[in-house]
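S.K.: There's a structure below that I have some questions on.
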Amino acid sequence: MVMYILWTLLFFHVSAQRWTLFDEESKPKREGRVRLVGDLPSSGRVEVYHDGQWGTVCDDGWDLAEAQVVCRQLGFPGAISVTPGGQYGEGSGSVWLDDMNCKGSESSLSECCFKGWGITDCSHKEDAGVVCETGTNITTDHQFFLDNSLGLSDDLGLLFDSGDGCDFRINVQDVSEESELTFCVHSMILMIYPELNITNNSGNLTVDVSQTCHPHVSAFLSLLTQLNGSFQHQDTAVTWYLYSRQIDVSITSAQCLHQLAFNFGVKKLMEDVGRAFTLLIPEDNTFHTQVSMFEYGLRTGDLVLQENVLQYLSWNFEFLISSPVWSTISFHMMDALLRRSDLIVKDEAFLLEALERWIQDKGDEISSDQQASLLNHIRFLLIPVDKLYEMQFSSSILHRNHEKLYLTGLLRGFQFNALPFSKIRNQMYNTSSEYLPRIYTGDEWSVFINDTTVNYQYHNYYYGQNNRIQSFSTPAHPSALYKEQNVQWQAQVFLSNQECSYYGIPCTSFPVARFLASGNQNMYTSTIRYSNRLILTCKNENNIFHVQDFKNDMAVIPNNSSMGLPNPCPDDYSFRFVVRPEYI
């Protein structure tokens, strides 16, 4: 019966579609679909479909692994080469993907790691392209896409609604209310979710709803008789999702849906709902919510939720240290934070001091092996040399408990500050993370611009009376060898076309930040590069909500909709420019 209904639905969909097979524009647009724009079907500019429109891919990080994924997604045997830099012309609309990192085995480009949809500092001059293999048995130079699945999810939802032919029962329990809700479903459809273990559950499955979802279950039970066939509550919504892959998520329902998706073993829904949690992350300045979210993501195995929380806490690490929850965070969270290079701290010595205070507060909760593991994440090589000298005489808990490991770190730190790069180059390749700086915001390496208003007279900008232009100098590198070799920096923020045009800069949106080096910088290009960062901080709340790099000395601030995290203070934030030198 179920098989007959499924085949009937498929037949109806094939019959109902009226678009022409050979009409390219009539193809239904699917999220994540890719196409090539060029003279040949096997090569061209890569475009991807997202949020109702086509956009391009930036060539940053664009390599053969990414090209292989694109070509195979389009049905070609593989890729021959990549074509960076807008070789196939400049696209239009959004640059959807940037900093791609594919393994090469993904089934679609959107499955690869990337910054996030629309989060980029690229222009269409950097649109990526590919050249795909055509194979030896190709008899035509064009392929057509036929997808008659549009609307099928709605009809499968109606099949769930009607209950026709259902043969398996799912019982949702609300333990505190001692009530139970039962859904009759179709085992053949739910067999595509192996986590449900349909074949071994004797015709029924019981799911316990967590305390978080109890109010939702009670609301559903009271609303059930009024639904008139329209399923709106979270419990039903998850079951509906198992059929149709469609669901509405709100901030109020996100945690309940996430918990139910975890209970049902629907990982894709769990990860997608986890992204909705990012809207909540900047809201709590006490950090209780963020710490709770991380532990919840750890329990449910939601890597997306864990990463979103860790990124925010890394950016706001100094605020986290001074918060009441600092001493309560788990070993797993501390271990994850110390591994990160996007950690924003005054310097590495400050980070070590914070770790020691945390270990002291934890007492016997943290074993000796765990202490040693965390100490290994400290980048002694990047601790300022004067602080290294003071640390050898300290009696800190890590120095006492792990003297050999601690002194080894100090020794390597002194070597880093005393030896030229040519001596340590080979060792660097073996332990590269030790040489990679975090985002150090000490006064020696950063400068603030707080003025974000355009209320001064026209001539002031041209005669130096502008608070949005700051100059300062830094050593060429943190190593003591470069202590006396300075680089001059100028930080600027532009808020209008008038300001940009004065400096001959084409600006398409605002604000725009520029970070220029002068002086002796070119002397170090063979050994040192500058991966500088721009940090946006809410003035009143003192929380960092956005960090980005500079490209060709420029950083265009994305709008709120394309930021990784929402901007909680769109009209009242400051700019911090951070110099970040590293050995090449």
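Including glycine, each Cβ sits where the backbone N, Cα and C put it.
The following feature annotations were taken from TrEMBL:
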type     : residues      : note
SIGNAL   : 1-16          : signal peptide
DOMAIN   : 34-133        : domain 'SRCR'
DISULFID : Cys58-Cys122  : disulfide bond
DISULFID : Cys71-Cys132  : disulfide bond
DISULFID : Cys102-Cys112 : disulfide bond
S.K.: Give me the long-range Cβ neighbours of Cys132 (disulfide bond): same chain, 6+ apart, Cβ under 8 Å, in sequence order.
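M.R.: In sequence order, Leu36, Ser42, Ser43, Ala67, Val70, Cys71, Leu74, Phe76, Pro77, Gly78, Ala79, Ile80 meet the Cβ cut-off.
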S.K.: So what's the mean pLDDT when you look at the domain 'SRCR' (34-133)?
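M.R.: Value for the domain 'SRCR' (34-133), mean pLDDT as a whole number: 88.
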S.K.: Go ahead and report the DSSP secondary structure tallies for the domain 'SRCR' (34-133): helix first, then strand, then coil.
M.R.: 16 helix, 33 strand, 51 coil
S.K.: Sort out the sequence-distant neighbours of Cys112 (disulfide bond) for me: same chain, 6+ apart, CB within less than 8 Å of its CB, listed by position.
M.R.: Glu66, Val69, Met100, Asn101, Cys102, Lys103, Glu106
S.K.: Select the most exposed residue of Cys58, Cys122, where exposure means the fewest other Cβ atoms within 10 Å, treating these as the disulfide-bonded residues.
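M.R.: Looking at the disulfide-bonded residues Cys58, Cys122, the Cβ with the fewest others within 10 Å is that of Cys122.
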S.K.: Just to verify: the residue among Cys71, Cys102 with the fewest other Cβ atoms within 10 Å, which of the disulfide-bonded residues is it?
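M.R.: Per-residue Cβ counts within 10 Å for the disulfide-bonded residues Cys71, Cys102 bottom out at Cys102.
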